[in-house]
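Novice: Below you'll find the structure I mean.
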Amino acid sequence: MKGSVFRKKSIQDLIAATSGEKSLKRELGAFDLTLLGIGAIIGTGIFVLTGTGAVTAGPGLTISFVVAALACLFAALSYAEFASSVPVSGSVYTFTYATLGELMAFIIGWDLILEYMLAVSAVSVGWSGYFQSFLSGLGIHLPVALTAAPGAVKGTFTLFNLPAFVIVMAITYLLYLGIKESKRVNNIMVILKILVVLLFIAVAAVYVKPHNWQPFMPMGFGGVFSAAALVFFAFIGFDAVSSAAEETKNPAKDLPKGIIFSLLVCTILYVTVSAIMTGVIPFAQFAGVDHPVSLVLQSAGQNWVAGIIDIGAVLGMTTVMLVMLYGQTRVMFAMSRDGLVPGSLSKVHPKHKTPYVATWFFGTMSALLGSLVPLDELAKLVNIGTLSAFVLISVAVIVLRKKQPDLPRAFKCPGVPVIPGLAILFCLFLILNLGWVTIVRFLVWLLIGLVIYFLYSRKHSKLNQ
């Protein structure tokens, strides 16, 4: 098995590595996990992609959100089983190494690199839209060429999204210095984000004109499913809950609660917001708009509330970028430590104690992509990366049930293999709705990864030594 691409890290070794001096403190309950999930989920999806989704599906966007939420729920139950039976930090990459072997772990790690890097880029584009909306409220306007990526706004010459570039580089610098994430700060930020969304609902609901909901599905089910594949981005982040397994007081009870409650709260908020948005403004007016939520309020003459929404969106999306870039470096660090990518990526700064090479490299890449590539293209690639990860996790649950039926599982996914099977079908269906261009781009990325694995990673893997 030494040279095999299917060699595995044993689950017992993974769990043993977390005990002793390097074990994490178990202090998170179901409430903390729910807020952690909501904190990671609410961001660009609700503040930005609701506009793009409305153009694709019309008022039927509400159904798109429910379809995307179902795909997430089925995958989430598989995630919860994994997290409770392999309660180790390192997310899907670690789980896959233990169950499906090294090659699949490398592919998922390579997939996560794409997902996290492009997620930071996509969120930075949304952040830029709200930041510029906030500036224009103060009478400050940037040169048009520096407001968006080339080709992002039809009929307008744009060259470079300067605010998107600057915010990612600023966050990269913060992470290079070292940042202590705290439960309290996250909980306060999340409550603030929820309040901003509730404020929008309360103020905008009175301006709804029901005739704007006709026709409900102007592009038919095709439009609804295409939008579901796009707004799936709005739910990315709930997997952050499962990666906190090591720090949860009672993983068996609290993990599934945290995952399901956070998905439920976000789905209700998303459906309500999209119904109000398409009720206030005819859906076609959202074309090319990267601050749709505040646009709705501006059109209703509620400029001061729009300003509050802009600030809330800017703060909310800053935390999402921070967590995503942090997660990116953590996956890279794990892969580098396992010998699958060059050792320099796990180099730790002598003073700041941070993986500084990985931080600066991926921070710069994310900043450039965010400033040069339009948002919907970025979002589609993030989605295909995440959906592929969900498919693999669901397959891994079925495999692990067969291969290791006696493994202690604090939480069991109900209805195996039906529920993981539904997750696989839903996710593959959404992948097909992302369009062939996105699928081909993703396959090219995977092909580059496979070349790297067979030329470098297989030889340098720690399991090979």
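Just so it is clear, glycine is given a Cβ too, placed from its N, Cα and C backbone atoms.
Pasting the feature list from Swiss-Prot:
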- 35-55: transmembrane segment (TRANSMEM)
- 57-77: transmembrane segment (TRANSMEM)
- 103-123: transmembrane segment (TRANSMEM)
- 133-153: transmembrane segment (TRANSMEM)
- 159-179: transmembrane segment (TRANSMEM)
- 188-208: transmembrane segment (TRANSMEM)
- 216-236: transmembrane segment (TRANSMEM)
- 258-278: transmembrane segment (TRANSMEM)
- 305-325: transmembrane segment (TRANSMEM)
- 355-375: transmembrane segment (TRANSMEM)
- 380-400: transmembrane segment (TRANSMEM)
- 413-432: transmembrane segment (TRANSMEM)
Novice: To the transmembrane segment (380-400), which of 35-55, 103-123, 159-179, 188-208, 216-236 is linked by the most Cβ pairs under 8 Å?
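Specialist: Ranked by Cβ pairs under 8 Å, first place goes to 103-123.
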Novice: Check for me, if you would, whether the transmembrane segment (258-278) reaches the transmembrane segment (159-179) - at least 3 Cβ pairs under 8 Å, residues 6 or more apart in sequence.
Specialist: no
Novice: Top stretch among 35-55, 159-179, 188-208, 305-325 for CB pairs under 8 A with the transmembrane segment (355-375)?
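Specialist: Stretch with maximum Cβ contacts: 159-179.
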Novice: Have the transmembrane segment (133-153) and the transmembrane segment (159-179) got at least three CB pairs under 8 Å, pairs 6 or more apart in sequence?
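Specialist: Since 3 or more Cβ pairs under 8 Å link them, the transmembrane segment (133-153) and the transmembrane segment (159-179) do come into contact.
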Novice: When you check the transmembrane segment (159-179) against the transmembrane segment (57-77), do you get at least 3 Cβ pairs under 8 Å, counting only pairs 6 or more apart in sequence?
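Specialist: Touching, no - the transmembrane segment (159-179) and the transmembrane segment (57-77) miss the threshold of 3 or more Cβ pairs under 8 Å.
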Novice: Among 103-123, 216-236, 305-325, which stretch has the highest count of C-beta pairs below 8 Å with the transmembrane segment (188-208)?
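Specialist: Most contacts with the transmembrane segment (188-208): 305-325.
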Novice: For the transmembrane segment (103-123), which stretch among 35-55, 57-77, 216-236, 305-325, 413-432 has the most Cβ pairs under 8 A?
Specialist: 305-325
Novice: Please report, as numbers and ranges, the same-chain residues at least 6 past the borders of the transmembrane segment (413-432) whose CB is under 8 Å from any CB of it.
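Specialist: For the transmembrane segment (413-432), the far contacts come to 67-68, 70-71, 74-75, 77-78, 80-81, 225, 228-229, 232, 383-384, 387-388, 390-391, 393-395, 397-398, 401, 439.
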Novice: Can you tell me which parts of the same chain pack against the transmembrane segment (216-236), counting only residues 6+ beyond its ends and a CB-CB cutoff under 8 A?
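Specialist: 40-41, 44-46, 49-50, 52-54, 56-61, 63-65, 67-69, 71-72, 115, 119, 122, 263, 266, 270, 283, 376, 379-380, 382-383, 386-387, 429-431, 433-435.
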